[in-house]
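Reading through the structure tokens given below for one structure.
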Amino acid sequence: MAARPLARAARAAPLRPFLPQSAVLPRFYSAPSKPSDPLSNSQQSAPSESDTTHFGFRTVKTSEKADKVHDVFSSVAASYDIMNDVMSAGIHRLWKDHFVRSLDPGRKPGGSPQQILDVAGGTGDIAFRMLDNAANLHHDLETSVICADINGDMLREGEKRAHAQGYLPSDRISFKVQDAETLDAIPDNSMDLYTISFGIRNVTRIDKALESAYRVLKPGGVFACLEFSKVSPAPLDALYQMYSFSIIPMMGQLVAGDRDSYQYLVESIKKFPSQDEFAQMVRNAGFLTAGRGYEELTFGVSSIWKGIKPLKK
Ligand SMILES: C[S@@+](CC[C@H](N)C(=O)[O-])C[C@H]1O[C@@H](n2cnc3c(N)ncnc32)[C@H](O)[C@@H]1O
């Protein structure tokens, strides 16, 4: 099958200023769609009716958030890839390249092919990069990725791309409707690597998603999250906020004909915890983290958090 070349990674090299100062994990670790969709074999979790949560800047019933998020991504699914390029001037590709290269998925000498779960995998951006990394850097066509998402419309776009780019038909990738909070089709201790890219901020109960990530990973398995985060220094953040709140919804209207969904996306970024707060949530779920637990990209516009499931509790 035709694996996409890793030219992207090479292309990223001259653009190092967008990438973090440290691309390597320090060596020392500190402790601590709707169910009816045909792609689905899962049930979403049922939050209590009485709780409230945020949906962007609005307060909604906890039980309603997943459906609202589902509607946002069903609405943007067809234009999602082009909008990512437009909104970020292509920089999301560099972040994703760096994210995957830093994880270096694939069979290592003397090791086995990896089982990878890409949660909130959407249209497959991370899954495809992981397969490319395994094939092009490790000559590994046996490592496989499950691209799991709550939204069947996003996954269908991913499947179309997988066929168009030669990843399907094969056993290397599969698409499953799954709620990150439960991952009920994924057995305990079954995954070598769990990734979630620009997905966790949309999850209603992030602590449950982290619990599930911990459950499905093998001892020694790696949790890795790429997500928007807090920008510093403050003057740069002021510019970024201006761009986010005035330009992005307008672009959403012009390119995708959908202002409201992009308004939600920028509000959801603002509501996501700080880098340190989320690192603490990762540790609270039981993962070991290195140093402060995250790496900032492009002045903190996005960050990568990593954790390792310990061999023993
Ligand atoms: C911004 S997209 C990211 C897609 C892809 N990972 C990427 O980096 O391009 C966010 C994705 O999260 C998914 N999502 C939201 N809530 C989810 C949940 N509870 N469980 C699984 N996926 C979820 C959405 O359906 C959407 O596909």
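Keep in mind that glycine also has a Cβ here, set from the backbone N, Cα and C atoms.
Residues or ranges marked as region 'Disordered' by TrEMBL: 29-54.
Annotation comment: TrEMBL describes 38-50 as compositional bias 'Polar residues'.
Annotated S-adenosyl-L-methionine binding site per TrEMBL: Thr123, Asp149, Asp179, Ala180, Ser197, in sequence order. For Asp179 (S-adenosyl-L-methionine binding site), the count of additional Cβ atoms within 10 Å of its Cβ stands at 26 [all protein chains shown].
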Taking the Cβ of Thr123 (S-adenosyl-L-methionine binding site) as centre, how many other Cβ atoms lie within 10 Å?
25
List the residues of the same chain that sit at least 6 positions away from Ser197 (S-adenosyl-L-methionine binding site) in sequence and have their Cβ under 8 Å from its Cβ, in sequence order, or write 'none'.
Lys96, Phe99, Asp118, Ala120, Gly121, Asp125, Ile126, Cys225, Leu226, Glu227
In the chain carrying Ala180 (S-adenosyl-L-methionine binding site), residues 6 or more apart in sequence that have Cβ under 8 angstroms from it:
Val119, Ala120, Ala148, Ile150, Ile196, Gly199, Ile200, Val203, Ala209, Ser212, Ala213
Helix, strand or coil at Asp179 (S-adenosyl-L-methionine binding site), per DSSP?
coil
